[in-house]
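Novice: Pasting the relevant annotations from Swiss-Prot:
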BINDING   35-37, 41-47, Thr231, 261-262, 269-271  ATP binding site
BINDING   Asp67, Tyr212  L-glutamine binding site
MOTIF     34-44  motif ''HIGH' region'
MOTIF     268-272  motif ''KMSKS' region'
Amino acid sequence: MSEAEARPSNFIRQIIDEDLASGKHTSVHTRFPPEPNGYLHIGHAKSICLNFGIAQDYQGQCNLRFDDTNPVKEDVEFVESIKRDVEWLGFTWSGDVRYSSDYFDQLYQYAVELINKGLAYVDELTPEQMREYRGTLTAPGKNSPYRDRSVEENLALFEKMRAGGFAEGTACLRAKIDMASPFMVMRDPVLYRIKFAEHHQSGNKWCIYPMYDFTHCISDAIEGITHSLCTLEFQDNRRLYDWVLDNISIECHPRQYEFSRLNLEYSIMSKRKLNLLVTEKVVEGWDDPRMPTISGLRRRGYTAASIREFCRRIGVTKQDNNVEMMALESCIRDDLNENAPRAMAVLDPIKVVIENRAAGEEWLTMPNHPNNPDMGTRQVPFDSEIYIDRADFREEANKQYKRLVLGKEVRLRNAYVIKAERVEKDAEGHVTTLYCSYDAETLNKDPADGRKVKGVIHWVSVKHALPAEIRLYDRLFSVPNPAAAEDFLSTINPESLIIRQGFVEPSLADAVPEKTYQFEREGYFCADSHYSRPDALVFNRTVGLRDTWAAKVTN
């Protein structure tokens with residue numbers, strides 16, 4: 001099924017259909033407004049696919065706007081990574097990239113308008129006093145002693161704030177709404193605070209910065225957004241969104257709609273906790289292949305199509321729910337099973353010497369994909385010495401073991417039938433070398449005498465094999481909901497990364513990052529974008545051929 005054929009249906013699209021049918025809107029204009037204070041993660045991918053997907057399907061527009069109102073936590077590094085992630089996922093924003101800081105002058109004037117209307121005031125309570133005055137969910141707040149300042153005094157004090165006349169934390173601009181409101185967000189929320197920090201876009205022009213709830217709605221209105229889509233934690237904030245727009249002189253009044261955020265098992269989505277993983281060096285960085293960041297998934301070998309498909313499958317609802325990790329893994333398996341070229345790699349090598357074959361290479365033609373001839377073929381060298389995986393040999397085994405057993409036969413993938421004749425061991429009793437014979441008449445065909453050979457194993461030529469570091473990535477956390485733990489770092493999976501030294505076939509010498517292969521019988525792997533070089537290959541496991549996590553947990 002193509003993505004066009006799989007166009008989703010959800011409550012937001014139903015609202016849009018009704019708005020267009022009624023004439024409330026003649027076109028659709030959405031936006032994706034991340035704060036540039038970290039790398040995007042799989043949860044953001046859901047919002048990206050929703051906002052940009054709606055714009056695509058309705059021939060509308062979607063803006064990329066950076067909510068850059070906190071210069072202390074933001075950085076151009078994050079701006080660039082977010083743009084790269086959106087484009088990599090397959091989307092294009094309308095017009096130029098936008099920044100909330102583009103509207104700082106207008107936002108300031110709207111704040112002045114609220115002061116002139118008696119709807120905003122400069123407060124000089126300390127942060128501790130403000131928390132005390134705010135009240136609780138069961139008790140109303142109380143008015144600040146500065147709440148009833150005159151319009152003239154508030155205008156002068158707000159200008160003093162802008163001019164740098166107050167120290168950080170000693171003054172702020174607050175909306176004058178209702179300190180007894182049952183909704184905490186409506187208890188005179190802060191609209192502006194003081195921060196003496198250089199801004200990555202506006203430099204040192206400002207020392208006062210608007211809060212998200214004040215900036216967000218006005219930015220939407222300035223840009224003509226028709227449907228402002230947020231996650232459920234902003235549901236109560238919709239009251240403030242509407243209050244601000246209702247009380248300033250602006251024609252456009254977008255409507256905010258909320259949907260459930262993505263909660264993915266065995267993962268965390270909190271930027272603070274993700275940052276802790278980086279700063280505590282639990283992971284290598286924001287793009288560590290174990291991280292749920294888009295850059296981490298990309299480095300691990302996930303495709304943009306698989307992430308879009310995942311977002312389509314989980315859908316858009318108003319109900320919070322936890323999505324199983326296997327749902328994401330299923331999407332990448334389905335994609336790579338169909339599209340990834342095949343190759344052979346031996347992760348735990350044991351040497352095989354074929355005694356009845358003369359030394360000398362033979363180049364075998366192998367399909368790049370068993371079910372897709374259009375993907376072509378490759379030449380793989382075969383010789384009298386090969387590596388197989390240690391797990392593919394036993395000296396003794398029952399009938400259920402369909403691999404190589406001493407005295408019995410097995411087929412080499414796309415090659416010959418071999419028989420294990422004898423073994424050589426080291427002083428500790430570990431098998432170091434297998435000595436085998438081969439049937440020269442069985443290249444890609446059954447033995448002439450009709451004997452049955454059921455098992456098939458993969459291999460690489462010793463002479464031609466390329467050494468490679470194989471990084472076996474698994475789930476970063478050992479419990480489904482690490483965020484619920486008292487110390488989420490205590491739930492780190494100690495086997496989330498296992499490094500093996502193996503060998504790969506020579507066709508992988510030029511493997512490029514983000515191109516994923518199926519290592520036959522092992523899983524899906526891609527060259528690491530940071531460390532892999534032609535003379536020092538490093539491959540990351542994207543996902544196994546099947547889900548083995550449940551068995552690990554059970555055992």
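For all residues, glycine too, the Cβ spot is worked out from N, Cα and C.
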Novice: Please report, as numbers and ranges, the same-chain residues at least 6 past the borders of the motif ''KMSKS' region' (268-272) whose CB is under 8 Å from any CB of it.
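Specialist: 37-38, 41-43, 261-262, 292, 477, 482-483, 488.
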Novice: Averaged over the whole of the motif ''HIGH' region' (34-44), what is the pLDDT?
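Specialist: In the predicted model, the motif ''HIGH' region' (34-44) has a mean pLDDT of 96.
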Novice: What does the structure give for the C-alpha distance between Tyr212 (L-glutamine binding site) and His44 (ATP binding site)? Integer Å is fine.
Specialist: 18
Novice: Looking only at Cβ atoms, how many others are within 10 Å of the one on His44 (ATP binding site)?
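Specialist: I count 23 other Cβ atoms within 10 Å of it.
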Novice: By a simple count, how many Cβ atoms lie within 10 Å of the Cβ of Asn37 (ATP binding site), its own Cβ left out?
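Specialist: So the Cβ neighbour count for Asn37 (ATP binding site) comes to 17.
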Novice: Would you kindly give the Cα-Cα distance separating Leu262 (ATP binding site) and Asp67 (L-glutamine binding site), rounded to the nearest Å?
Specialist: 20
